[in-house]
Amino acid sequence: MNDLFSPSLKKYQDLKQQVQMDDLELGTGGTDPSQNESIDLAKFFEDVENVKEDMKEVENLHKRLQESNEESKIVHSAQKVKDIRARMDSDVTLVLKRVKIIKGKLEGLERSNVANRKNLGYGPGSSADRTRTSVVSGLGKKLKVLMDDFQALRAKMNSEYKDTVARRYFTVTGENADDELIDNLISSGESESFLQKAIQEQGRGQIMDTISEIQERHDAVKEIEKNLIELHQIFLDMAALVEAQGQQLNDIESHVAHASSFVRRGTEQLTEAREVQKSSRKCTCIAILLIILLIIVLTFPLWSPLITMSMFLKLFVHRHYSSVTFFTNPPSKESEIIHLCRSGLLSQAIKLLKTTEKISSKPIVYATLIQTCTKSYSFNHGVQFHTHVIKTGIETDRFVGNSLLALYFKLGSKFLETRRFFDGMVYKDVVAWSSMITGYVRIGKPKISLELYGEMIDLGFEPNGFTLSAVIKACSEIGKLKLGSGFHGVVISRGFEENNVIVSALIDMYGKNYASGDALKLFDELPEPDAVCWTSVISALTRNELHEEALGFFYTMHRKNGLALDLFTFGSVLTALGNSGRTRQGREVHAKIVTAGHCGNVIVDSSLVDMYAKCGVVDESQRVFDRMDKRNSVSWCALMGGYCQKGEFDIVIELFRTMGEVDLYSFGTVLRACAGLAVLKSGKEVHCQYLRRGGWSDVIVESALVDLYAKCGFDNYAYVIFRQMNVRNSVTWNSMISGFALNGKGAEAIAVFKEMISEGVKPDYISFIAVLFACSHSGMVDEGRKYYLSMINEYGIKAHIEHYSCMVDLLGRVGEVEEAESLILGAEFRNDASLWATLLGACTSSTNPTVAERIAKKMMELNPDYHLSYVLLANVYRAVGRWADALEIRRQMQEKRVNKITGKSWI
């Protein structure tokens, strides 16, 4: 809030100082009230900053309370619950102290505002009073947000505690408690009443831990709720202060609105005065014209004889010398050649040039001829004109030189010839330098283009718009964000910030370097962005995986602004639709492509194949691919990626074999297919073919190789490739961690994970799936719990169903079935059958038949056709001697026609 009002405060202080200077000039003298006001406001804003620091500390304490609450969910020991309770009590006490301090400071600021209004010139509605009132109001609103956060935390803790009591009640008694019973248990604080049945059946020793834990959890919730209620009351007291401040601001706004009506009426009167002034000026001009006309009429007899003599001389010349032409020249052949070239008639211009007895030596003629050869794609004629230029000695002319450079650059087969001609040019202007810089960017050598730019600047040439556009594209290719930002500064300093071509290149540069915020800010500053700028910002958002925002820009561009859509626009929006899985909208865009007549274009068709493949509609992708007359590597790779995503790996390998010219990008897809089939022989063949094609240091292909060898059981080969990689991304690290985990090497997987973090690579949710999987298959329970909490609290990654499945498997393998069940019940995926199936498998080794029975019945509710639920429950009943119940389960299987699937073995 301080930042929002600092400009208005500065303007107000400057105005007051100017008034004081005027008083000094008039000799009035006196004290300097603005100085006192500045001191008061400085003290005011210093107090405001102190309040902000206190609020920041309250926010940190709120975050700590949330983390402690999340930690308490997975703790089942009374001592640990007691420790967490003590820590949370301490944090809430600190919050109460800090909030009381904030309350006192806000009341002090309000009292200061009231006292300040009594001073002369600082009353209600003044600039200083509006500033102070708005700042205090802003602090109050921020405090209200904190109040809502603590209220939400309080409600969440009560809800979770009710769920815990209900779950414990069901665990102990086997009965479901209604809401009224749960509220009575919580309000009474006595847990022995509903534990009596369990004590009688199982003995007191087995249930005392549960009693202690429930009592500790009850005391913790009640104590924290009491403190939060007290905290809420403090917030309610301060809400009145916030409402009063808001009412004062509303009064100020009403005064401002009242004053605006007077300003509006004054503006209307000024407009009327301007109309009267224009009318008077118009009358004056008419009067002056009438006076001039009167003078001409009066003086006509004096100069009429001169007009008669001029007409007589023209008649005499026409009669006696009509066959003679004065001061005119017949059109030359050079001008005719230039005219034919500008009309696109190159062949006729060449014929006319051959009939000329003397070859022209004018640079403009050959420059025009060479430019026409470039436009007509006639490279041989251009080379012939180059020889004529050398013979006539005009190759040093800068227009001729630039025309020849453009000829070799656009039509030459070897860029080395273009560079050789450029080096031999006697006179190089900024156009020649820009052409070479652009050329190196187009052939994929952006570093050389930046070196050329440095040479051009050292020679004293000033870059133009084309030069800056080329070097910005070079920065995009090599990923130099800081250098590109530096060129952005050059663009602003030279006044090119509204050039759509340059701005489009800047947006593309920021997008490729994952600075989408800067790209959007730059786009918003454009007064009238054209279709190229819209396409650039859509492409930048798509590249940064902001697909919804990209689609929003596309609809605004097409429907609201009505701009034309080109091939690149369709390509970018199809990529966004494919990545977001919007099949219906993708078909709509496909229809627009058909109506626009872009079908048959290899870029658009390849984007359509990719879009349908990513949406999982591989059949539609295959149909578009079959209709393509010309296919490139992008279309092949897109189709193979669609089949690979669908799990049809055999088709991927077959497409790879029938592919004509194999592209390096296709190796990554086919290697993933080999890994999915676990066919080591085919994978090695693809690996050898990749090396023969000169492939090396491609992070996508080498990550796929690591995944292939790890899934085929050769994790040592995978680790060798992993160590030899120069560049590793998150996919590479995840593949190596998963490889060790799949092969039962949990310690090695954890070591690679720690190395990944030490090198500054931020783990994602897939990384933690691999780590938890490694802990599960290696029996590392404590490590699994630690990394699970670290994922949620430290990295802020929401637990997916895969993480819960790994944790349930981890706890089930070591016999912690009840803790695993508690984890499932506290998850949003509590009704997912796969989680209960994982827990059901762990119950085969459980020594608690009650828990196994409860989990089996839960699985029967979620998936009545799952045969293992019935088999496990029947086995449990037999183990405890309940033969009648076991026979009943068998009878239910027959009634529901649930068949037991027999096991198979290839040995």
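Even glycines carry a Cβ here, placed using N, Cα and C.
From a predicted model like this one, the values you see are computed outputs, not experimental measurements.
Annotated features in TrEMBL:
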- 41-75: coiled coil (COILED)
- 211-273: domain 'T-SNARE coiled-coil homology' (DOMAIN)
- 429-463: repeat 'PPR' (REPEAT)
- 530-564: repeat 'PPR' (REPEAT)
- 632-666: repeat 'PPR' (REPEAT)
- 729-763: repeat 'PPR' (REPEAT)
- 283-303: transmembrane segment (TRANSMEM)
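When Cβ-Cβ distances below 8 Å are used as the criterion, the repeat 'PPR' (729-763) is approached by residues 699-700, 702-704, 706-707, 709-711, 713, 715, 718-719, 722, 770-771, 773-775, 777-780, 783, 795 of the same chain, each at least six residues removed from its ends. A Cβ distance under 8 Å defines the sequence-distant neighbours of the repeat 'PPR' (632-666), meaning residues of its chain 6+ beyond its ends; these are 602, 605-606, 609-610, 612-614, 616, 618, 621-622, 625, 672-674, 676-677, 682, 686, 689-690, 693, 695, 698, 700-701. Listed as Cβ neighbours of the coiled coil (41-75) (distance under 8 Å, sequence separation of 6 or more from its ends, same chain) are residues 1-2, 9, 81, 84, 87-88, 91-92, 94-95, 98-99, 101-102, 105-106, 108-109, 112, 128, 131-132, 135, 139, 142-143, 146, 149-150, 153, 156-157, 160, 217, 220, 785, 789, 792-793, 819, 822-823, 826. Note on the repeat 'PPR' (729-763): DSSP counts are 26 helix, 0 strand, 9 coil.
Here the repeat 'PPR' (530-564) is broken down by DSSP into helix, strand and coil counts: 27 helix, 0 strand, 8 coil. Sorting each residue of the repeat 'PPR' (632-666) by its DSSP state yields 27 helix, 0 strand, 8 coil.
Over the repeat 'PPR' (632-666) the predicted model carries a mean pLDDT of 86.
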